[in-house]
Amino acid sequence: MKSVLGFKKAKVTEKISMVTCYDYTLAKIINSTDIDCILVGDSGGMVLLGKKNTTYTTLDDMQFMTQAVANGATDKFIVADLPFMSYRQSLETTMQAVMALIQSGAHAIKLEGSSGNLDIIKHIVDSGVPVMGHIGMTPQFINSFGGFKVQGRTEEAAKHLLEEAKLLEQAGCFGIVLECIPANIAKDITQNLDIPTIGIGAGSNTDGQILVLQDMLGMNTDFQPKFVKKYIDGSKLFSDAINTYVKETKANTFPTKEHCYDYC
């Protein structure tokens, strides 16, 4: 999948697979896999840089990560997050941020929420840049939500999510991330849209799934949300490998002859 058209076709043909990525090395690995799309998420501020939450991720951070991923994943469709407040100050500031991410190698951008964003989305799309929406648990609104909490658990909240999704579609979004909402609500939203939905903690009836790469590879031991499936215990694998290297170094069993250069 290398374009927005691929997303639209996948709505009726196959499930869409996405992961986050923030660096060149992992991007190169992903580039050799069957993954459909990469999201350079503002979550990289937390996962890669150790920041408290995504409100601390800057445009400079996003440019750095997007460039790294684009250099490594040359065959993948790349979406990059507009960071906190970069699209809530002025239209000029918004478009400068959009341009920065596209020129860093992204093919599309993603922003959170619908309120106050619809005209912005239309302008970005009219300017030739595809936009992905994001509703439900939107991390940039963590201070309003009072933490990372499931959204849409009441009838009124569920109705609001569906309304948001329809408005984002009408504004021109080519797809929408549904994060941390009940599976039945995500299914209802998906069935009422012509554009694909990508779920994260939203059940199996969305048009696709996305996970933070480090979560699914078992690299984050201090953050294990319910919706994450750990496909390998990466933290243990890496720790064991590093400890083996330390033991061999101290025992002088590394390097061996095969790792040394001969004198000519």
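A Cβ is built for glycine as well, from the same backbone N, Cα and C atoms used for every other residue.
Counting only same-chain residues at least 6 apart in sequence, those with a Cβ under 8 Å from the Cβ of E179 (active site, proton acceptor) are H134, I135, G136, M137, T138, Q151, G199, I200, G201, A202. Annotation comment: Swiss-Prot describes E179 as active site, proton acceptor.
Taken from Swiss-Prot, the feature 3-methyl-2-oxobutanoate binding site covers D42, S43, D81, K110, and the record attributes it to sequence analysis. Neighbour list (K110 (3-methyl-2-oxobutanoate binding site), Cβ cut-off 8 Å, at least 6 residues apart, same chain): L39, V79, A80, D81, L82, V131, M132, G133, H134, V177.
In sequence order, T54, T57, D61, M62, D81, P83, F84, P139, Q140 constitute the residues six or more apart from D42 (3-methyl-2-oxobutanoate binding site) in its chain with CB-CB distances below 8 Å. DSSP gives D42 (3-methyl-2-oxobutanoate binding site) a coil state; it is part of no helix or strand. The Mg(2+) binding site annotation in Swiss-Prot covers D42, D81, E112.
Under the three-state DSSP scheme, E112 (Mg(2+) binding site) falls in the coil class. The distance from the Cα of E112 (Mg(2+) binding site) to the Cα of S43 (3-methyl-2-oxobutanoate binding site) comes to 13 Å. Here the binding-site residues are D81, E112; the one with the fewest Cβ atoms within 10 Å of its Cβ is E112. DSSP assigns E179 (active site, proton acceptor) to a strand in the three-state reduction.
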